[in-house]
């Protein structure tokens, strides 16, 4: 603890930081009883102090401070710490650590206004709610450079520690200031910034003064000034905090290498922009709005057109408008000053204020609803004018854009109407977006200003983010804020608890993992993981029809009841509605989801945004321009630039992305935590609510942090660093002169120090210390250093004084000697003998002196020579040193060049990779285009086939028409007069037909235009295909016509003069042909242009591929160069190494010589000392030379050592560079391999593109060929046109002759004019009816077809003409309009149209052939079309000679038309009859309706029965599921089986075959059911035909209606009988179901019994055979059941036929109902059969599984036995091998013995010569015995080898058997899987049956709807019949009157 004098440096802040010395002494002397002083649990205060009075039976009686006596349990009593721990600064040091101790320590310190307290590794601060003098400048200075334990707890201490760690550890730091809203985070953030700006000042001004005289400060001033500006625009009053940050910020302060301030930047997160337009009652909006209205700067009031009353503005007056603790006027001046200091220009400053005022005015804009409309309109323009003025917009444009925004629909913009509420929502969204973008832009500008471009090394990040919030109304913003705090708390927990303990385990420290219960992963995953809240929110935003309700329902479906953190809130009175609750670490929060989808999508009025982009206010235009997004994100904004257009990024997605970036930044730094606490909810200074603080302590992990700090080892240091730093504590513990490991040295060092050895642990790389021990070691080190320095100073001073004393003594002795000698000399100098001595002495020694002088001169010359040599060698060494330095520099330059080359290579690699990515994208695009083209080609092929089918049908129709025309030709002569009278009438009818045709053509063109919008290329192809089809149709028509024209040629010669008027028509047709030719030319040019573009693209791709290949070659060459350079580097390095060794050797030699020279010089000095006084001068010279020589030698040695060390370092550096280069080389090789593989891919893609190119070129050549052929045909047509022009002259003369006939026909024309007009009116009415009721027109045509069939030939002719007219309308429209007076003109027009269509046919074939070139399968069709074109050209030539025959054909047409009119009149009469029929039908329909209602009742009954059946099906499905569970249990048992006998394979295969047979039967049954369904469908179609027959025979139906009713009654009775039968069937099915349930229960019991028996029973192969017999029996049973099913199907068929007979008589609706009943019955029967099959299969599978399990058990036992046998065999084998080895050794010994005996035998033979025959015989007998023994041993050895081989074979057989058993088990596994798959298939069949019943219900509804439509059609037909009857009567009357 520091003394009061030491605390004086803190000034007036000292009492608020640390207890005084007096208080500490009083606390130590205070009486304290450790046993009785306790904390006890209290209901109100959580914990109170108390004194224990007694303890009995687990109960404690205590007296509290308030005097109350309480009795509590033992576990509710907590010991109190001694008084010396009162107000302790680090709570981790307390003896008793628990919640009440921490709480009361914080409370007592807070009562003494000591708001900062350490809690282990982090700092806790409590909000004082008043100003304290603890942030003064003297406090900043006092904390600078202080260690944590040297100064009181403070935010400045945390900041300084982070700063010092940054400098010493060279690591980025971060300070995380966290806590709930209102805890004081913002104030502490400002103090941290103030501290860094003070202690790390740069010392120079960024800008002394701007050119305009604008005020700007230093970097530290600007960093400090950023806070007032951001607070003005980003802070607001909330319920819990008067200055709450409504955005998060991460401030990075960058420092240089020396620790000086370099720059800073700010990243912001999640600005709460909804506060701009809405505030709660107890809150207010952002401070800036109230500052500008404070009237501190009146010029702002005038400039912004506002008042000083906040209630005049709706957006800022919804809550409170004043805050007692904030002076808005002073804050305005601070904000204004901060804007100036931060370097905003004058225009930018004005723009900021203007946009703020515009937001306020936006809230006052009024809108109202137009009368009788929902459209909104402005309610006054005054406010809009102000807002538009401030934003430099046009007021009218702004209002128009708000009320009538333009939205993009497809490729066009349309104006959209807005309701009043929509306009208000749009205005609010624009205001919020404007404010948010302005805020993010300000952050970007601040970052630009704080970026000084100075070099920066490290940074310290300060995080201040919105605290945890629990309001009455919590929305999306609160969820994001709370989620951020959840992530930060998880980061804190992970850093403090998990990582700390994992570090212990990794370092090998004995540590029991402590679960501190702070894992927040569940809540975090609930919010951010897939299918979490954010994921579901973003998914809902993608759906256009999603609502808040659908979002809520999805949340409930996904998480309610599945996650403990997700709850459904309970409705509370007086609170806002809540939709879901989340359990956060700080509490449970209720969230309201209204408007979340719109908030997340963040929609804006794009029309207004467009106005903003064109605004005269540059800042506003920039905010909404496209470039703002990037800058905003660069400025660190949360939502600074949403991605529009290319991607849809929601607010939540952007928020999560920025949050993940923040967490990544934090994880890369060393964090320091500051936990801010709220003492009370009332903002009362000095008061502390226990429960509130305890809740925060628990949630923030404060207690857990203290616990782990005390239990763990928070301080750690590397062994080497510890050894180096703390060796001074006991240097003797580490032996000198020998190597010792740093870890061992640290262990010895700590073991020799007097500390608690339980307070530290040794890890693998570090030594770990408990809290406080490292500080103790630091103190001991400081004391030891002080002792060592003091002792060293004393030793040095003593040595210096002793040296001085010796010098004094030597001087004293010398003085005494001199005095003595002088006195003696003075006494004897006058003696005579002395005088004689003085004269003779020099003469005696002169000769000797001369000799000595000569010797000394020689020595001196030698010394000079040695010195010269030394100087020469030194110079030589210096030159070598210079050369080495030069080589070193060269090497460094080479290394630098290689590094540059590598950097270039990396850049090129990056470029190649980018190019590769681009190529891959292009390849992908081309592939997609090719696929699209193939799809289009396939569609065209299908359409072409369809058109060919239509062509064949049209040909048949034309053949019928030709037959009709031939018949009409016979009657032509009898009806010529009628033709003349009806010619004019026909012309009028033709005009009406033309009108109808035009209308149809207009509809077709509109439809065609829509198709063009969808796909232009496909439309072109479709258009040409349609033209081709129509041309083919016309060609077929004309082919038939030409055959008739040949016969009529002679008759038409008499009517040639009538054709003269056709000349003009021919000319017009020629012009049409020319126009068509031009259009085709343009299309051809367009296609050529597209082909050229495609060709250019292909060439570009080829060029790009060549460039890539070239770049790859360059890279390969560069890599080879690099390899050569590396080899050269190695050679140069080897050379340098060699030179270094040479230099080392030379330097060693020089050193030896210098030492020798030094020795000689020292000897010379000793000799010189003995010289006489007269040689002193010579001696001094020699001494100086010697000293100089020694100095030179020492300098050379030092220089040599330095050079050697430097060269060693250089070599090491070069070695590292070499390793790095080799590593980079390997990386480059890998990259080159990757590039090579990529190039192969690109080359393949290029080859594919080249193939496509060649294909396209072939197609182009074919198209050009076709074009040339078409040009030739056009030339031929032009020649034909010229011939026709010549003939037209003759026709003109004939036309004059026909004029007379025209005058005669005109009178008849006037007679029929009125009739034509009436027909026109009738046709117009019919066309309107056709457009309004398309289905009615179709019905009328169908009725006409029926009438045509009744009247046979007459009606058939009419229908043929109508069909020909409807199919040819689109192409014949032009020549029909030119028909005016006579039939000759029509014939000529047909001729011209034929030519025109021929040319169009050629064009169409051109395109068809282009398509066919892409599709080889259509080649035959192409050839056929070419042949048709050639035939058509021949026909055209023939038609030139057959023009005369056209007259006869025209008369045939006239006759046909006359007959059509006659048939028309007959049709009118028929329609009158049909009217009667319709009346009778209406009567019949009424009766049928009654029957239908009755059938509906029956249907309801059937529905109920169906529902019961569905319930039974669900029960069956559940039983199947239970069976599946049992199967799953069997599977688990089966997985334990490892072996199986191979004999089971045959039985299993037979079982599988039987199952497949069963499946085949099931498939056959399903096929039969499908056939039954198809039969029903066919019968339905027959019923439709029968209904048509009823309409045709309506008269007979009227007569037999009574019988029909009787039949209907009978059918009803039949239906009732069927119903009863079905009820009986249902009862039977219920009985069967119960029986099946019993069987299932029995099967389950059997299964359980079987499982019990499996443990005791072991069956063999006989069981498998019995299982096979059982399978056969089951198969027979299944077959019998299949037969039964077949019988039931037959019964069903019989019932179906009976039902069909009844339906033939009944009406369609009753028929459908009966059909549905039958189908339901069939399906239910099939479901019951399916159920039976499933039960059979389940029982069968269970039986099979029993057999399988039994056999598997047997196999397992046998396998175990085989394994045991194998083990025994292996042991025997090992024994045999040992025996064999032993025998082998014996054999070798025997052989050695034989050799020895042989040797002895030789010796014996020698002895035999001496010893006799007996000895020889004995030896020979012994030899024979030994040989026999050897042979026996060899035999045994051979037998042993045989036995060994036999055992090895046996082991192999067992191994093979084991392998076979394993394979059998695998086969069993596969079989079981197949059986399980079949069970699943049966389940699916049951589900499909249920779906089929639903489909039948849908069919019934559809048929009911068709009945209603049929009734409508009948009504329409009746009305049309009435109209036609009236019209026919009128026409008939007129015709009779005129005749």
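Counting starts with 1 at the first residue shown.
Every residue gets a Cβ built from N, Cα and C, even glycine.
Bear in mind that the values here come from a model prediction, so they are computed numbers and not experimental data.
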Going by what Swiss-Prot says, which of 157, 263, 1495 is noted as phosphoserine?
1495
With respect to Swiss-Prot, which of the residues 110, 311, 389 bears the note phosphotyrosine?
389
Which residue, chosen from 746, 1482, 1542, 1928, is annotated phosphoserine in Swiss-Prot?
1542
Of the ranges 590-612, 613-635, 636-658, 659-681, which one does Swiss-Prot list as region 'Actin-binding'?
659-681
Would you mind telling me which one of 294, 1132, 1547 Swiss-Prot calls phosphoserine?
1547
Where Swiss-Prot places region 'Actin-binding' among the ranges 761-775, 776-790, 791-805:
761-775
According to DSSP, residue 776 (phosphothreonine) sits in helix
Greatest C-beta neighbour count within 10 angstroms, which of the modified residues 69, 79, 776, 1241, 1739:
1739
If you compare CA-to-CA distances from residue 776 (phosphothreonine) to each of the modified residues 69, 79, 1241, 1739, which comes out shortest?
79
Which of the three DSSP-derived classes (helix, strand, coil) applies to residue 1241 (phosphothreonine)?
helix
Cα distance, residue 69 (phosphothreonine) to residue 79 (phosphoserine), nearest Å?
17
Cα-to-Cα gap, residue 69 (phosphothreonine) vs residue 1739 (phosphoserine), nearest whole Å:
74
With helix taken as DSSP H, G or I, strand as E or B and everything else coil, how many residues of the domain 'Myosin N-terminal SH3-like' (33-82) land in each class?
3 helix, 31 strand, 16 coil
Cα of residue 1739 (phosphoserine) to Cα of residue 1241 (phosphothreonine), in Å and rounded, measures 57
